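Student: Can you keep this structure in mind? I'll have questions shortly.
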Amino acid sequence: VSSMSFRGVDNYLFFNLHREPDTSLSLFISLSRLPPPGNIIGSGIFVSPKGVMENASSVGMALIVWIVTGVITAIGALCYAELGVTIPKSGGDYAYVKDIFGGLAGFLRLWIAVLVIYPTNQAVIALTFSNYVLQPLFPTCFPPENGLRLLAAVCLLLLTWVNCSSVRWATRVQDVFTAGKLLALALIIIMGLVQICKGEYYWLEPANAFEPFQEYDVGLIALAFLQGSFAYGGWNFLNYVTEELVDPYVNLPRAIFISIPLVTFVYVFANIAYVTAMSPQELLASNAVAVTFGEKLLGVMSWIMPISVALSTFGGVNGSLFTSSRLFFAGAREGHLPSLLAMIHVKRCTPIPALLFTCLSTLLMLCTSDMYTLINYVGFINYLFYGVTVAGQIVLRIRQPNLHRPIRISLIWPVIYLLFWAFLLIFSLYSEPVVCGIGLAIMLTGVPVYFLGVYWDNKPQCFDAFVGKLVAMLHFSLPVIKTTYSFYIIRQVYAIGQHFGKYAHG
């Protein structure tokens with residue numbers, strides 16, 4: 001595709017739009033392409049350990065939270081895998097909820113993703129970046145909150161500009177900064193193993209591991225699971241690649257069973273490494289756990305850790321901005337979002353309106369620099385719709401028992417997931433009623449928006465005229481055009497091909 005002109009891309013789209021996808025990915029390649037290793041392992045492991053430890057009340061309980069969260073993630077991934085091959089549509093859980101429960105439920109899923117989930121995730125990653133950049137400059141205290149928010153905002157604005165300017169630049173940023181997280185995690189785990197070999201495992205002995213530094217509370221443990229689930233975020237993307245796998249009905253479950261335990265192993269051993277170098281109190285006193293870990297064990301080379309994590313989180317913000325616009329296209333195609341958000345720049349082929357909207361909503365989330373409140377906020381809403389989607393799997397089994405299901409799992413797994421889901425939501429709402437209540441209130445504001453904007457067909461002419469003027473204003477200020485999702489993907493492939501040059505010709 002990279003050797004084609006734009007006109008060639010247009011012709012390629014016209015003649016090949018309905019071709020079957022390339023099903024050439026084996027199990028080995030699928031493991032590298034599946035989201036768990038690539039999308040789950042990210043900035044969460046550098047920010048969530050403090051939130052998990054703080055709410056779990058002991059080292060042993062914190063490690064149990066990390067393991068159980070990994071098991072629940074694997075169960076949820078299996079449920080999503082069945083839905084993904086049963087309802088093979090783009091849009092993920094938004095498409096499943098819309099098909100099973102109707103347009104309103106699907107719209108609310110989209111509404112909360114656009115207003116809460118994507119902006120909050122990006123705000124947390126940007127704040128993690130600013131924490132790891134500024135913490136070494138303030139070794140004896142926490143960085144100032146205004147400084148954290150300002151640096152996070154600069155990071156967001158810079159990367160939004162990069163993504164608006166060129167897909168090629170965005171992919172280059174991703175190439176350069178992806179290695180940061182791998183370097184940091186490898187250092188943490190290796191140094192942790194060295195510490196254990198030296199006999200530094202006081203907090204791993206059962207008598208000490210379960211010694212609480214505060215009273216156990218079931219509500220706080222629920223919040224610990226929310227904090228841990230943030231680090232596992234991304235598992236629900238893995239059904240997007242089912243059409244590209246060789247024998248996906250066999251290889252997809254195998255890939256889940258291999259990749260998610262691998263992520264769980266990395267997370268558990270990273271947290272074990274943390275407590276070999278510092279006490280729970282020292283861990284809780286740090287806003288940049290990996291920096292404190294590096295200062296204790298790496299000596300003069302401790303600068304490697306904040307730089308590695310900052311590179312990782314900077315790339316994480318870029319990746320989130322780069323991919324979030326896909327949901328806008330899926331929603332606009334279904335008529336659930338304004339067509340403005342599905343427009344791309346004529347020459348640069350970048351979804352500028354969607355990127356600007358995402359950036360603005362993320363900047364609003366930076367009104368607080370408390371990452372752990374934001375994680376509770378987004379974690380509650382995320383789990384709410386994870387449960388609704390998994391419940392849809394059971395509803396679909398009852399409504400259409402004879403529907404062809406290439407992957408069919410036992411109903412005991414969605415039941416287990418829903419029991420855990422109910423525990424998590426009830427006790428999270430009990431522990432953080434304000435934070436969780438705000439998320440629910442924002443979701444419910446989507447009900448009147450749906451009925452006014454989507455369900456109501458015969459709108460007044462003045463409303464249509466207003467929308468027309470808004471579109472014309474956007475066309476005047478930015479050279480953007482409305483396009484389909486498939487057309488957008490072809491344009492993106494062209495730009496990425498230009499980035500890789502001759503290596504993309506094959």
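Cβ from N, Cα, C; glycine included.
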Student: Transmembrane segment per TrEMBL: which of the ranges 216-235, 476-495 is that?
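Tutor: It is 216-235 that TrEMBL annotates as transmembrane segment.
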Student: Does the chain bring the transmembrane segment (380-398) near the transmembrane segment (182-204), so that three or more CB pairs sit under 8 Å (pairs 6 or more apart in sequence)?
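Tutor: Answer no, regions not in contact.
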Student: Would you call the transmembrane segment (182-204) and the transmembrane segment (63-85) in contact, using three or more Cβ pairs under 8 Å, pairs 6 or more apart in sequence?
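Tutor: The answer is no, given that the two segments have fewer than 3 Cβ pairs within the 8 Å cut-off.
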Student: Looking at 150-170, 256-277, 410-431, which one has the highest count of Cβ pairs under 8 angstroms to the transmembrane segment (216-235)?
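Tutor: When the Cβ pairs under 8 Å are tallied, 410-431 comes out ahead.
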Student: Would you kindly list the residues that approach the transmembrane segment (410-431) from elsewhere in its chain, counting only those six or more residues past its ends and only Cβ-Cβ distances under 8 Å?
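Tutor: Beyond its ends, the transmembrane segment (410-431) has Cβ neighbours at 72, 75-76, 78-79, 217-223, 225-226, 376, 379-380, 383-384, 386-387, 390-391, 393-394, 397, 437.
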